[in-house]
Amino acid sequence: MEGGGSGNNSTPTIDKTRVLDVKPLRALVPVFPSSAEAPPYGTYSSGFSPFYPFSAPQGSQATPDLNQQTHTTPAAPLRSFRATESNWDASGGEYESYDGSTGSARGRPKSSKKRARKIHDLDFTLSVDENDFVVGVSLSERDDGNREVVHSIQMRFDALRRRLSQLEDAKESPAGIIRRADLKAGNILMTKQGLHAQSMAGIDYMSVRNGLEEEPLAVSIVSSGYYEDDAEDKDVLIYTGQGGAANRDKGATDQKLERGNLALERSLRRGNEVRVVRGMKDSVNQASKVYVYDGLYRIQESWVEKAKSGCNIFKYKLVRIPGQPDAFGVWKSIEKWREGLSSRAGLILPDLTSGAESKPVALVNDVDEEKGPAYFTYVSTIKYSKSFKLTPPAYGCNCQNACQPGNLNCSCIRKNEGNFPYTTNGVLVCRAPMIHECGPTCPCFPNCKNRASQTGLKVHMEVFKTKDRGWGLRSWDSFRAGTFICEYAGEVIEKVSQVGEEGEGDDYVFDTSRVYESFKWNYEPGLVEEDGSIEAIEEPNVPSPLVISSKNVGNVARFMNHSCYPNVFWQPIMYENNRESLIHIAFFAMRHIPPMTELTFDYGKSRLGEAAADGGSTSRGRRKCLCGAPICRGNFG
């Protein structure tokens with residue numbers, strides 16, 4: 001914990017005076033499918049569950065600069081602030097999608113005559129009806145379309161999806177039934193909040209006027225592996241046109257120069273930019289893929305060739321426009337490192353944990369000549385001293401297998417107000433004052449999902465030297481929102497004064513009594529027909545102040561820097577061990593985090609610092625913040 005976030009950097013100015021009267025674009029977002037099955041273009045495939053986006057990692061085109069601060073906005077895509085209406089059956093049936101295919105209900109009601117405003121981010125598009133106000137987002141903020149507003153609404157969608165997944169997990173469903181909480185969440189937000197949630201498709205295009213006639217132009221493509229693409233080069237993509245693939249009803253056929261294929265051909269002639277989303281295997285779950293927005297490309301040439309099936313298919317060569325932040329390029333670099341760490345530039349140690357974690361943590365410095373942080377003893381969990389006053393003893397569950405969602409006979413579930421705190425894939429559903437997990441003495445299986453914070457590191461991380469904030473922490477793998485990252489390990493001390501007044505002289509102290517910026521992460525109860533008047537409390541509630549020093553003993557959490565706009569939050573977790581209830585501090589992903597993005601959390605403010613801000617006489621311990629976020633407070637501590 002070296003204090004800081006990323007360096008200050010200005011955000012490129014986007015000309016918002018150019019208004020295009022175009023059809024709504026499909027959401028071009030990185031997603032986490034629920035299985036290896038790729039989606040047919042224009043429809044949703046059984047078993048394919050999109051999760052909402054994270055932005056591209058930062059870096060230069062030739063050699064990725066992984067230390068570049070992450071608030072820089074990459075090259076902006078086409079922007080539109082007006083949308084024509086799509087045909088949608090409000091009963092939840094099929095709709096006419098923008099490329100003419102049919103799919104799940106994702107458009108707007110046929111009967112609606114409202115004009116939609118559109119907010120665009122570099123990889124996300126949503127629309128908001130003027131008469132359907134989104135709570136917490138003003139009209140001026142929607143018009144501005146800044147990244148914070150977009151992230152806020154993305155978090156709202158994902159919070160609802162997690163809650164719906166939790167409710168589905170508690171039901172007894174027949175084996176093999178694919179539950180689509182993402183589609184339900186999209187439909188709810190669309191109908192009740194006026195949001196426009198779009199389906200994922202292979203080729204998206206819009207109509208433009210060419211004289212007296214209209215012709216299609218491609219605006220985005222998704223390379224998912226469903227067709228025979230050549231997608232190994234980080235700068236060149238050989239993309240296969242849509243259509244003609246075999247299915248259960250018919251065999252393969254020749255592709256036709258229509259719809260998306262025709263749009264790509266017209267874009268080749270006109271030379272317009274096309275946004276590209278690339279799919280890659282999820283290293284955490286080999287049965288699924290992760291989709292990442294890779295920036296703007298131009299189509300260089302096209303041709304027809306024979307597919308493996310013997311039918312004719314269209315091929316398009318797309319070349320990435322230079323000067324954009326790397327996304328797929330970073331992923332390809334990580335693949336090489338997995339094959340052999342010797343290829344990692346600036347590598348100091350392949351595993352600074354010396355085997356204490358199941359996944360190695362590399363130590364890297366490609367900034368200067370420093371050989372590593374000050375010595376400390378690596379431990380994977382918190383260490384309580386015998387003199388520290390523990391919480392009253394509690395008892396674990398009596399489940400003989402794994403604890404099951406909806407089983408109110410499980411005492412650990414009852415402690416969580418009857419809700420299983422995690423989804424079946426181990427994602428935290430909601431923040432809570434305290435989460436109760438099964439402890440070491442609970443008889444349930446060690447792989448019980450209610451032990452999510454006790455399994456150690458699940459991904460390959462690295463501690464790296466930043467340009468201006470000391471050492472930092474990042475991951476080679478992506479994180480879904482709500483994924484457990486690590487706990488804050490160290491020695492529990494009774495008073496902060498044990499390491500100096502208000503932590504002075506120790507940069508490695510976590511104190512639950514500090515003042516932390518509040519934020520909303522949980523779902524809105526009214527959206528799932530729950531009592532909205534009973535708002536769930538999200539702020540942590542630790543029975544007595546818990547202060548942890550990781551100066552001499554700690555884990556990777558000690559290297560997480562501060563940010564006023566963090567991507568990680570902390571959550572107190574309690575579980576029973578040897579008839580003692582111990583509190584642990586666990587960190588979870590606040591939103592989807594792409595690979596090689598620095599992990600940061602809000603350090604909060606000391607009580608003395610709060611007094612100084614309110615006109616008090618002291619500001620001891622305050623330090624200049626270098627997080628570079630648009631909403632940076634200027635200092636912390």
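Backbone N, Cα and C atoms are what each Cβ position is placed from, and that goes for glycine too.
A quick note: this is a predicted structure, and the numbers were derived from the prediction, not measured.
Annotated features in TrEMBL:
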type	residues	note
REGION	55-115	region 'Disordered'
COMPBIAS	57-73	compositional bias 'Polar residues'
DOMAIN	173-320	domain 'YDG'
DOMAIN	395-456	domain 'Pre-SET'
DOMAIN	459-604	domain 'SET'
DOMAIN	621-637	domain 'Post-SET'
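For the domain 'Post-SET' (621-637), the most Cβ-contacting stretch among 173-320, 395-456, 459-604 is 459-604 (pairs under 8 Å).
Under DSSP, the residues of the domain 'Pre-SET' (395-456) split into helix, strand and coil as follows: 11 helix, 4 strand, 47 coil. Break the domain 'SET' (459-604) down by DSSP state and the numbers are 15 helix, 53 strand, 78 coil. On the 0 to 100 pLDDT scale, the domain 'Pre-SET' (395-456) averages 91 in this prediction. For the domain 'Post-SET' (621-637), DSSP puts the residue distribution at 0 helix, 4 strand, 13 coil.
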